[in-house]
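Colleague: When I checked Swiss-Prot for this same protein, it listed these features:
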type: BINDING; residues: 39, 44; note: Ca(2+) binding site
type: BINDING; residues: 60, 377; note: Fe(II)-heme a binding site
type: BINDING; residues: 239, 289, 290; note: Cu cation binding site
type: BINDING; residues: 243; note: O2 binding site
type: BINDING; residues: 367, 368; note: Mg(2+) binding site
type: BINDING; residues: 375; note: heme a3 binding site
type: TRANSMEM; residues: 16-36; note: transmembrane segment
type: TRANSMEM; residues: 62-82; note: transmembrane segment
type: TRANSMEM; residues: 101-121; note: transmembrane segment
type: TRANSMEM; residues: 144-164; note: transmembrane segment
type: TRANSMEM; residues: 182-202; note: transmembrane segment
type: TRANSMEM; residues: 233-253; note: transmembrane segment
type: TRANSMEM; residues: 267-287; note: transmembrane segment
type: TRANSMEM; residues: 304-324; note: transmembrane segment
type: TRANSMEM; residues: 337-357; note: transmembrane segment
type: TRANSMEM; residues: 384-404; note: transmembrane segment
type: TRANSMEM; residues: 413-433; note: transmembrane segment
type: TRANSMEM; residues: 451-471; note: transmembrane segment
């Protein structure tokens, strides 16, 4: 039993490990976010000073991004579904796949230890120098966080190489690239983004490490360095990263919507592929829109404003194609469909606030206020997380062969929907009123919206616990699925439920596409 899980080279077992790790990390990250909202629930300080507060904020961001969303979306859904959807017997490099997973537990341990030794890394997830220099953050906290990022980065790069190789080499004989399922495409593009952006982050944080410990001056003006260089390097990774977090979600939503609509494929399949490629490409040329306040040239700001707005075009193509897929169907409000509809609506809202922030002139005012927090939590907490939830309840019968309770799932969806909206909608108002980010306290003027926001976070907590209870109930009661209720336009539903340990002993052949 021990050997099965420690030395596994089976994509399904490794996918399950990723799910368990991601759910655990998600609970840690959620606890941290509740500490943040408890601190901000009333004026005055509750937990302590801004150092401990910012340490909590930093850990919350890193855990949610690197140990919850990425492991579940790419590691969990990617590992499980990509080989099944391609008709491949496993991933291209099964042992490397195992290593990708086992680099994550040491990585999260380093991250957690960074917040419990010395004063913690209170730098925000961006780890900007000079705040992250050895003067402002003496001690080993930031160094531990850097090593944690290195491990998580190596894990993701190895995973990316694995997915790219699998997708290029392990398709059925006569399946062309444009015939691949959209989820496989989305994971492939995500892997490419990871492969191109993570080495830049590794370079940036390695330079920061030597600045802190070996007396170099990459980011120290006293020695001829420039802290702005760090920001450029970080955001050259950081912006593709946010698309890495959402693209697999796009793929899952495409599958769920077409299946639940009873359509054989998504509307504008090829357009969806090109839209994802465009989003991936454009994601690399807009990074400095995170830096409108550092004093760039007017023409530079004009370029980054325009380029950022162009991303709205392929994103809009995706939104309208999903709506077109839904068109003319009698919508069946199943739990996975509810998550998808919630995703499309809330992701659009988050996207619109993004277009507002893309204007460099307006962003000077809104930068580092709660407006930005509201924007990215709409696309992450209601985009990425809704996609994860929708994908989970949609494919859970395939992964386990068991049924979840749909009635409880609907209650859970509406609880979560109310919770996240109540948490993050008021933050738009706080941002417009000028409440800055990353402070543990605020003037009394902002009290009312903060109380409402914190109330929403407690509702989300109840929803999260309800989800865990639903999964537990399903595993205890073991309502075994006799046959899938799905359209078999996606090949993964032709498996046994759950699939056999080795699903494709002979390779499938494509016919009548």
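Residue numbers in this text run from 1 along the chain shown.
Using N, Cα and C of the backbone, Cβ positions are placed for all residues, glycine too.
Describe each of these features in terms of where it is and what it packs against.
Modeller: When other Cβ atoms within 10 Å of the Cβ of residue 44 (Ca(2+) binding site) are tallied across all protein chains shown, the result is 9.
Using a 10 Å Cβ-Cβ cutoff, residue 377 (Fe(II)-heme a binding site) registers 19 neighbours.
Within 10 Å of the C-beta of residue 289 (Cu cation binding site) there are 22 other C-beta atoms, taking all protein chains into account.
Neighbours of residue 243 (O2 binding site), defined as other CB atoms within 10 A of its CB across all chains, total 22.
Residue environment of residue 368 (Mg(2+) binding site) contains 15 other Cβ atoms, counted within 10 Å of its Cβ in all protein chains.
Sequence-distant contacts (6 or more apart, same chain, Cβ under 8 Å) of residue 375 (heme a3 binding site) comprise 350, 353, 354, 357. In the three-state DSSP classification, residue 375 (heme a3 binding site) falls within a helix.
Counting residues 6+ beyond its ends, the transmembrane segment (16-36) has Cβ neighbours under 8 Å at 5, 8, 47, 53, 56-57, 59-60, 63-64, 67-69, 71-72, 75-76, 79-80, 101, 104-105, 108, 112, 399, 457-458, 460-461, 464, 468 in the same chain.
With a cut-off of 8 Å between Cβ atoms, the residues of this chain six or more beyond the transmembrane segment (101-121) that come close are 6, 14, 17-18, 21, 25, 28, 51-52, 55-56, 58-59, 62-63, 66-67, 71, 75, 127, 132, 137-145, 147-149, 151-152, 154-155, 158.
Sequence-distant neighbours of the transmembrane segment (182-202) (same chain, 6+ residues past either end, Cβ-Cβ under 8 Å): 74, 77-78, 81-82, 85-86, 149-150, 153, 156-157, 159-164, 167, 233-234, 236-238, 240-241, 243-244, 247-248, 250-252, 254-255, 266, 269, 272-273, 276-277, 279-280, 283-284.
For the transmembrane segment (233-253), the list of distant contacts is 65, 69-70, 73-74, 77-78, 126-128, 181-187, 189-190, 193-194, 196-198, 200-201, 203-204, 207, 276, 279-280, 283-284, 286-291, 318, 322, 340, 343-344, 347, 376, 379-380, 383-384, 386-388, 390-391, 394: same-chain residues at least six beyond its ends, Cβ to Cβ under 8 Å.
Sequence-remote contacts of a segment are chain residues at least 6 beyond its ends whose Cβ falls under 8 Å from one of its Cβ atoms, and for the transmembrane segment (304-324) they are 250, 253-254, 257, 266-268, 271-272, 274-276, 278-279, 282-283, 285-286, 288-289, 292, 296, 340, 344, 347-348, 351, 354-355, 358-360.
Beyond its flanks by at least six residues, the transmembrane segment (337-357) meets 246, 249, 253, 256-257, 260, 289, 308-309, 312, 315, 319, 322-323, 331, 363, 366, 371-372, 374-379, 382-383, 386-387, 389-390, 393, 410, 413, 417, 420-421, 428 of its own chain at Cβ-Cβ distances under 8 Å.
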Colleague: Under 8 Å Cβ-Cβ from residue 367 (Mg(2+) binding site), six or more apart in the same chain: what's there?
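Modeller: Within the chain, residue 367 (Mg(2+) binding site) has Cβ neighbours under 8 Å at 292, 293.
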Colleague: List the Cα distance (Å, whole number) between residue 44 (Ca(2+) binding site) and residue 368 (Mg(2+) binding site).
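Modeller: Between the alpha carbons of residue 44 (Ca(2+) binding site) and residue 368 (Mg(2+) binding site) there are 21 Å.
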Colleague: With a Cβ cut-off under 8 Å, give me the same-chain residues at least six positions beyond the ends of the transmembrane segment (451-471) that come close to it.
Modeller: 23, 26-27, 30, 33-34, 37-38, 40-42, 389, 396, 404-405, 408-409, 411-412, 415-416, 418-424, 426-427, 430
Colleague: Residues near the Cu cation site, 239, 289, 290 excluded, by Cβ within 8 Å of the Cβ center?
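Modeller: Counting only non-site residues, the set is 235, 238, 286, 287, 288, 291, 304, 308.
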Colleague: Measure from the CA atom of residue 290 (Cu cation binding site) to the CA atom of residue 368 (Mg(2+) binding site) and give the result in Å, rounded to a whole number.
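Modeller: That comes out at 10 Å between the alpha carbons.
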Colleague: State the count of C-beta atoms found within 10 angstroms of the C-beta of residue 290 (Cu cation binding site), not counting that atom itself.
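Modeller: For residue 290 (Cu cation binding site), the 10 Å Cβ neighbour count is 22.
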